[in-house]
Amino acid sequence: MSSSLPLHPLLDNGISQGKPNFPGGKLYCHCASNKVEITLTSDVLHNHACGCSKCWKPKGSIFSVVGVVPTSALSVTANASKLAIIDKNAPIQRYACKECGVHLYGRIEVEHPFKGLDFVHVELSEGGGKEGWQGVQFAGFVSSLIGQGLDPELVPGVRERLKSLGLENYDALSPPLMDAIATWNAKRDGVVFRSSL
């Protein structure tokens, strides 16, 4: 059964690895007209499949695919008045179209290791995320699928599918991102780093 679950369109049909020095592009909501338009002036980094309950997922998919760009590389270039924050209490302020519900970007305004990075979904571009954007690098928050109703017995099969696609999968973020979070927290707390224990 898990082999037939739709993971995400950028995973189910094979992973595109993108183009070096991809310059970015435009992302759009799903409205038929007067679309919200986001312009990105860089490629994404840390593009990954996310199983958390907060990220926007295409209809029928159990994962989102989300990457980050520097906040300075993102601008709303059309129909900004259609955007609203989904949950003002969440660390990531997810801006969604009030009409179609698609999340266009997430921004962190509070002190946080990822402040200065915006979270985006490259499949919202005209090429569906395959025209040059960084490919999916790993899968995070896989166990979170259970809390959203996925039968726990299916999760091992989901993990096997992810591995067959060449994706390591975690129940948090990838080790380099977890190290970045720990480093940020340690610096904030005044920890002095030493070269040996």
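Placement of Cβ uses the backbone N, Cα and C atoms for every residue, glycine included.
Copied from Swiss-Prot, the annotated features are:
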type	residues	note
DOMAIN	22-171	domain 'CENP-V/GFA'
BINDING	CYS29, CYS31, CYS97, CYS100	Zn(2+) 1 binding site
BINDING	CYS50, CYS52, CYS55	Zn(2+) 2 binding site
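Structure with Swiss-Prot features highlighted.
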residue: CYS29; record: Zn(2+) 1 binding site; Cβ within 10 Å: 23
residue: CYS31; record: Zn(2+) 1 binding site; Cβ within 10 Å: 16
residue: CYS50; record: Zn(2+) 2 binding site; Cβ within 10 Å: 24
residue: CYS52; record: Zn(2+) 2 binding site; Cβ within 10 Å: 16
residue: CYS55; record: Zn(2+) 2 binding site; Cβ within 10 Å: 21
residue: CYS97; record: Zn(2+) 1 binding site; Cβ within 10 Å: 20
residue: CYS100; record: Zn(2+) 1 binding site; Cβ within 10 Å: 14
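Secondary structure at CYS50 (Zn(2+) 2 binding site), as computed by DSSP, is strand. Checked against CYS31 (Zn(2+) 1 binding site), the binding-site residues CYS50, CYS52, CYS55 differ in C-alpha distance, with CYS55 being the nearest. Confidence for the domain 'CENP-V/GFA' (22-171), expressed as mean pLDDT, is 95. Taking the C-alpha positions, the distance from CYS50 (Zn(2+) 2 binding site) to CYS29 (Zn(2+) 1 binding site) comes to 20 Å. Taken through DSSP, the domain 'CENP-V/GFA' (22-171) splits into 26 helix, 49 strand, 75 coil. Rounded to the nearest whole angstrom, the C-alpha distance between CYS55 (Zn(2+) 2 binding site) and CYS97 (Zn(2+) 1 binding site) is 14. Counting in whole angstrom, CYS97 (Zn(2+) 1 binding site) lies 20 from CYS52 (Zn(2+) 2 binding site) by their C-alpha atoms. In sequence order, TYR28, HIS30, LYS35, VAL36, LYS82, LYS98, GLU99, GLY101, VAL102 are the residues of the same chain, not among CYS29, CYS31, CYS97, CYS100, whose CB sits within 8 A of the CB centroid for the Zn(2+) 1 site.
Each residue in GLY51, SER53, LYS54, LYS57, PHE63, SER64, VAL66, GLY140, PHE141, SER144 lies on the same chain as CYS50, CYS52, CYS55 and has a C-beta within 8 Å of the C-beta centroid of that Zn(2+) 2 site, without being one of the site residues. Rounded to a whole number, the distance between the Cα atoms of CYS52 (Zn(2+) 2 binding site) and CYS100 (Zn(2+) 1 binding site) is 21 Å. Distance from the CA of CYS52 (Zn(2+) 2 binding site) to the CA of CYS29 (Zn(2+) 1 binding site) is 21 Å.
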